[in-house]
């Protein structure tokens with residue numbers, strides 16, 4: 001009787017953790033892949049954009065394959081902890097990991113973070129959150145032109161919050177200042193949530209965020225411009241940077257990567273699978289509703305995509321003074 | 001009328017059953033060092049997708065409440081906080097257990113948690129929209145000062161050995177610098193090792209510094225862990241209720257502190273427990289009893305940390321900004337469900353929100369019988385287990401728990417190394433609490449300072465921003481008061497004594 005609590009706690013602890021410790025090994029076979037649950041490791045904590053999109057993929061994956069998708073978190077170091085361990089994981093297709101741009105390009109340039117960009121085998125990039133400039137609903141800046149005019153008149157006085165250094169937000173700020181000739185002050189915060197809080201609290205005058213921020217807080221913020229090719233369906237009134245003659249299209253890209261030892265057929269099959277999830281109407285709808293923009297870069301187009309992005313971000317990182 | 005409907009909705013058999021289940025599961029998970037409320041909720045998230053949003057919220061709230069309370073068991077019986085929120089519970093909980101009052105301490109923890117939980121839920125019910133603005137008023141500068149204020153608690157928790165407390169806190173601050181820097185994003189003090197890339201997680205620091213020394217001491221010493229009582233004394237409920245009534249003001253103050261700290265994003269149960277503990281000690285007529293098994297210490301810590309549950313929900317539901325780490329997971333789950341948190345949920349009387357709040361009340365009340373029962377078993381098991389069984393089981397759970405933080409073996413290695421360091425330091429007279437305090441507050445202070453400096457720099461005057469605004473100045477005054485209070489209080493009592501002496505002459 002008295003041992004009951006102990007036994008209960010042990011059993012609970014066991015069911016929580018042991019499946020992660022002991023992974024049953026099977027021969028990797030591409031033809032019937034996936035024939036058992038797939039572990040999807042998110043290199044960030046729960047609740048962020050990467051987690052939310054993985055949670056949206058999860059039911060579609062299960063519907064399509066009949067197999068479970070188990071989402072795990074391996075956070076730390078802004079993703080570095082997870083990515084530095086990716087290649088030591090079993091390359092049988094049953095352990096896959098979330099991958100993010102520009103993180104995997106910029107982080108290794110800023111110091112030894114335990115992995116290099118080429119160590120990450122990306123198999124599919126499936127969505128991105130476009131960069132956006134947001135202001136509080138009662139801000140005097142009604143349009144992007146108001147904001148640029150202020151920043152030009154008062155160099156450095158326009159404070160803009162954003163998530164982290166060397167991130168999509170930070171580099172968007174560098175590019176924006178470069179193109180427009182405005183001089184703003186970028187203040188890094190820990191994550192999009194904290195950057196948004198600083199905007200709402202009036203600690204900064206504007207925020208570098210994503211379209212998702214505007215989608216999650218309707219009526220509270222005004223999005224002045226968004227870095228998409230064409231206006232977003234859910235924000236028909238928000239102009240793109242392109243319309244304002246500012247050549248900015250992009251943001252934070254999210255995809256799926258596998259350990260280097262994963263076989264070519266499995267990489268290919270996984271890429272097809274993620275592409276099929278993207279084609280699912282329900283998934284498309286739930287992505288768009290939350291401010292995400294669907295993206296389709298399959299495995300065979302990945303090299304060209306990464307090459308282009310690497311060139312773009314390398315230049316920005318240098319301009320930002322993050323590496324010398 | 002609509003409130004009655006929401007109360008009835010919270011009382012359906014399904015919701016009641018889930019509340020019981022959630023509180024019980026949360027309590028057990030929270031009792032295991034390393035398994036935190038955040039993790040308990042994250043594991044559950046996929047399950048909630050098949051539920052309607054109200055039911056999902058209710059279940060997550062019940063687990064959260066239970067886990068914060070469950071952290072008290074290990075704090076009281078093993079001197080190891082089961083979750084970071086229970087750090088301050090160890091100060092008086094373990095001394096009480098040592099002198100044979102572990103059963104009473106567990107019952108007090110349960111009563112205080114229920115009380116704090118109800119206050120937190122009441123704050124959420126009645127004051128959520130206006131109080132959410134408090135969360136916004138706290139900018140980088142305010143967080144910087146809050147962290148510095150937190151560091152002044154060292155004197156309260158290093159019981160006499162102030163210099164050692166300061167050295168310990170500095171060590172903790174230094175440990176908090178390891179890993180990828182929060183602002184610049186570049187790796188610091190990692191010595192090119194991937195093990196240190198993620199930095200030193202507060203939870204692995206907690207387990208290492210508190211639990212491992214306890215385990216080593218258990219093995220190294222011949223005597224029993226805790227004395228077995230001759231006869232069962234039941235829950236000792238009347239005694240505990242009497243103690244809680246006499247400490248009523250302490251409970252109310254601590255719960256309000258807990259709810260308030262919970263509202264601030266970035267400061268959770270650990271800070272609220274420590275702040276209210278030190279305030280309880282400061283307000284007490286017998287501060288010297290604190291740290292030696294004073295029931296009011298447990299009351300303060302446990303009521304405050306459960307009050308953060310309701311408090312943390314305030315910015316989460318009104319602003320869509322998570323108040324505490326578990327709230328971030330709850331918010332993510334809501335967004336996936338397609339629920340948009342915002343002030344409209346309150347002004348438009350969303351039945352999701354109100355049913356959830358009443359459900360939180362019910363779950364908190366249910367925690368009384370459930371918590372008392374589980375607490376009794378936990379107490380009996382830990383007291384009567386032979387050491388040869390207890391030590392391996394706890395050691396096993398510390399490793400599992402630490403691994404589970406990030407599914408990473410790095411945290412386990414950090415935990416074990418810190419455990420050995422902690423044991424050596426303990427033998428030299430250093431307490432773990434100041435070190436952990438430094439580890440928790442370091443990043444808050446650093447980010448607040450750098451961001452404040454940068455924002456101030458944009459106007460050309462980086463320094464004066466730290467003294468602008470009533471909140472920043474208010475906290476600064478509190479810091480001065482906290483630092484000089486012992487001197488002033490010492491003067492006053494000495495003065496009073498002298499006049500007494502003079503009179504007796």
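Any Cβ shown, glycine's included, is placed from N, Cα and C.
Summarising the annotation, TrEMBL assigns domain 'DUF112' to B:16-437.
Annotated transmembrane segment per TrEMBL: B:54-78 (among others), in sequence order.
Annotated transmembrane segment per TrEMBL: B:104-128 (among others), in sequence order.
Per TrEMBL, transmembrane segment is recorded for B:134-154 (among others).
The transmembrane segment feature in TrEMBL is assigned to B:161-184 (among others).
Among the features that TrEMBL reports, transmembrane segment is placed at B:196-219 (among others). Beyond the transmembrane segment (B:196-219), the same-chain residues lying 6 or more positions past its ends with a Cβ under 8 Å from any Cβ of the stretch are 33-34, 36, 74, 78-81, 84, 87, 90, 172, 175-176, 178-180, 187, 189-190, 225, 270, 387, 390-391, 394-395, 398, 401-402, 405-406, 408, 410-412, 414-423, 426, 432, 435-436, 439-440.
For B:352-375 (among others), the entry in TrEMBL reads transmembrane segment. Away from its own ends, the transmembrane segment (B:352-375) comes close to residues 2-3, 6-7, 9-11, 15-16, 19-20, 22-24, 27-28, 31, 53-54, 57-58, 61-62, 65-66, 69-70, 73, 106-107, 109-111, 113-114, 117-118, 121, 124-125, 235, 237, 306, 309-310, 313, 317, 339, 345-346 of its chain (Cβ-Cβ under 8 Å, at least six residues beyond either end).
TrEMBL lists B:387-406 (among others) with the feature transmembrane segment.
Summarising the annotation, TrEMBL assigns transmembrane segment to B:412-428 (among others).
Counting same-chain residues at least six beyond the ends of the transmembrane segment (B:435-455), those with a Cβ under 8 angstroms from any Cβ of the stretch are 84, 87, 139-148, 150-151, 153-154, 157, 168-177, 182-183, 200, 202, 205-206, 209-210, 266-267, 270-271, 274, 422, 425, 462, 465-466. The transmembrane segment annotation in TrEMBL covers B:435-455 (among others).
Under 8 Å from some Cβ of the transmembrane segment (B:467-488) lie the Cβ atoms of residues 137-138, 141-142, 145-146, 148-149, 152-153, 155, 282, all in the same chain and six or more residues away from its ends. Per TrEMBL, the feature transmembrane segment maps to B:467-488 (among others).
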Interface-richest range of B:104-128, B:134-154, B:387-406 toward the transmembrane segment (B:412-428), CB pairs under 8 Å:
B:387-406
Near the transmembrane segment (B:161-184), which same-chain residues lie under 8 Å Cβ to Cβ, leaving out any that are not at least 6 residues past its ends?
151, 154-155, 190, 196-200, 205, 425, 429-443, 445-447, 450-451
